[in-house]
Amino acid sequence: MADNNQSFSLVWFRGDLRLHDNEPLTMAIKQSQGRILPFYCFDVRQFGPTYSFGFPKTGPFRAEFLIESVQCLRDGLRKLGSDLIVRVGKPEEEIPKLIKSLNVPVTHLFGQKEITSEETDCEKSVHRALGKLDKKVESKLVWGGQTMHHIDDLPFQVEGGHPLKVFTHYRTMMESKNISVRQPFPSPSKLQSLPKTGKEDREVSVGDLPDLDQLMAIGNFGKWLQDHVQRDPNYKGDEIVKEGPTSNSKKHRDPAQVMTGGEVAGLKRLHFYLWEGRHIDTYKSTRNGLLGSTYATKFSPWLATGCLSVRQIYHEIKKYESKHGANDSTYWVTFELMWRDYFKWVGLKHKNDIFKLYGLKGEKKDEQREWKKDVSTFEMWARCKTGYPFVDANMRELTATGHMSNRGRQNVASFLTKDMKMDWRMGAEFFESFLIDHDVTSNYCNWLYVAGVGNDPKENRYFNVVKQGHMYDSKGEYVCYWFPQLKKLPDADHMMQPFLYKGPEGTFSLDRDYCEPVVKVNFKKEGGDHHRSHGKKDFKIKRGGHGGRTVRDGAPQHSSTH
Ligand SMILES: Cc1cc2nc3c(=O)[nH]c(=O)nc-3n(C[C@H](O)[C@H](O)[C@H](O)COP(=O)(O)OP(=O)(O)OC[C@H]3O[C@@H](n4cnc5c(N)ncnc54)[C@H](O)[C@@H]3O)c2cc1C
């Protein structure tokens, strides 16, 4: 039982929904000898419309993952003797309300510092609200939990940030200077119980978690979601019991496609991918896969919610390498995680420019370039009706599960911006709504990159979606999974371009089974070379901090493999 005269520290959980490697939590425990108030607020603004195009900011897949993550955090805290206080509202209103209701002094607030403006504006509002309380509450928002490398360890100033111009500069600088990754903070082993509230010394109300329907009702997006959420055509499981945002919730989906929120599931995935399955050994050759659960790590949704710490992943990989040996694949996972860090620094440096149409190009903008905003054209892309199965299958996976492979993301983004010539932000906001792993800087900076207004040193990068379909889905298995009617077509050539089919009537019909292409993509088959080699260039990169070994195919994630 907590002593009412002793002070407490409030821990504001945000994008760090975990007990392991949690610096604000560790600091709070130290500050108040274990007397902490763990707090999470479902911020209603995150369930309203997206900034420019009014899509649901947090769609049902991510909302579901988030609820599970918060529940898991609460379960973990309960096991340690504490609990998680949960509210639905605005942190700047809910935090002071909670502090005022308690019978004990709260002297400190600890939390993770975020990067982009909505989150930092919220921090400022909380800070202002705390300043209005009768008793001083010192707020400490700390860096460090979001990135593999700590901001204080960077060999340059993010604001000046010359090495941030191009990823390769950044990576080689970090590797050549051998910048190490800090050790994770250990999870706490015991906590004190929550304090009492009010004159009657009642238990503090910890609050129920909202359910998916409640969260989706905040923005009143029922109709929009009904129109855009798709179902897996292969899953013949549970009947849909009702229409609406929850009609495609996890209980109506193929369990193989489902990822569960929370640090327990995240750590389990890490253990599985490394130690149990040893899938990390072959990551570099499988990472462009499209079907199944082991072609890539799938760490991203747990990273995006902070259920998994990136430092924990890094050190687990190092442990794995010292037991089983390092290879290009084990290195490549950390290489990809450097992209994640890189985009966080880019977001920090360029602030709201990452949300602007001309992105990082600023005044060098290309006035000739067309950026359409026509909603009915956009809907062809969003509702999987572009007429190009490699695009539509990926979009169906996204809108039926909340996930899409990296290869898929690059293709659908390129198609929307370079072939359909649409405003890239429509795609980015749609991704924000649907992706369970939505991460502001990874999403927006990748869109900038593919749209040609970001950090890509190569001008006019373009993914030909027909060619890419042949390269990465050479037998059409992926497109047929999401559009089973394409199995009626005789070969992969037609599966990638069904509108070319001129077969006998009564078999495949474009009108009945699929749709006309929304634009024309030029594709000429050139002797099938790309089928065999995957079109990869054979060039080398140097890995500075790894003994300068060279590896084949140094193309970064946004490789020249198209
Ligand atoms: C248009 C577009 C939008 C994207 N939006 C997001 C997003 O909202 N959230 C997100 O986490 N990733 C995003 N990505 C990056 C990438 O597609 C995903 O990180 C990856 O597909 C997640 O699957 P995985 O965990 O199996 O990745 P793996 O291939 O196993 O990679 C391991 C980890 O490295 C990081 N990573 C890999 N590629 C990238 C990359 N290009 N940029 C930044 N980090 C990377 C991720 O944290 C990932 O979990 C986007 C990419 C594109 C092209």
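Placed from the backbone N, Cα and C atoms, the Cβ positions cover glycine too.
Automatic prediction, not curation, is the source of TrEMBL annotations.
What TrEMBL lists as compositional bias 'Basic residues' is 531-546.
The domain 'Photolyase/cryptochrome alpha/beta' feature in TrEMBL is assigned to 7-147.
Same-chain residues lying 6+ beyond the ends of the region 'Disordered' (180-204) with a Cβ under 8 Å from its Cβ atoms: 1-2, 4, 8, 19-23, 25-26, 29, 33-37, 77, 80-83, 85, 98, 101-104, 144, 148-150, 153, 309, 311-312, 314-315. Under the heading region 'Disordered', TrEMBL lists 180-204 (among others).
Feature annotation from TrEMBL assigns region 'Disordered' to 526-562 (among others).
Under the heading site 'Electron transfer via tryptophanyl radical', TrEMBL lists TRP371 (among others). Around the Cβ of TRP371 (site 'Electron transfer via tryptophanyl radical'), the same chain contributes LEU357, LYS421, MET422, ASP423, TRP424, each under 8 angstroms and 6 or more positions distant in sequence.
Neighbour count (other Cβ atoms within 10 Å of the Cβ, all protein chains): 23 for TRP424 (site 'Electron transfer via tryptophanyl radical'). According to DSSP, TRP424 (site 'Electron transfer via tryptophanyl radical') is assigned to a helical segment. Per TrEMBL, the feature site 'Electron transfer via tryptophanyl radical' maps to TRP424 (among others).
In this view, TRP447 (site 'Electron transfer via tryptophanyl radical') is surrounded by 26 other Cβ atoms within 10 Å of its Cβ, with every protein chain counted. Taken from TrEMBL, the feature site 'Electron transfer via tryptophanyl radical' applies to TRP447 (among others).
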Listed recorded sites are TRP371, TRP424, TRP447; which sit with C-beta under 6 angstroms of ligand 1?
TRP447
For the domain 'Photolyase/cryptochrome alpha/beta' (7-147), what's the mean pLDDT in this predicted model?
97
Secondary structure composition of the domain 'Photolyase/cryptochrome alpha/beta' (7-147) [DSSP: H/G/I, E/B, coil]:
60 helix, 34 strand, 47 coil
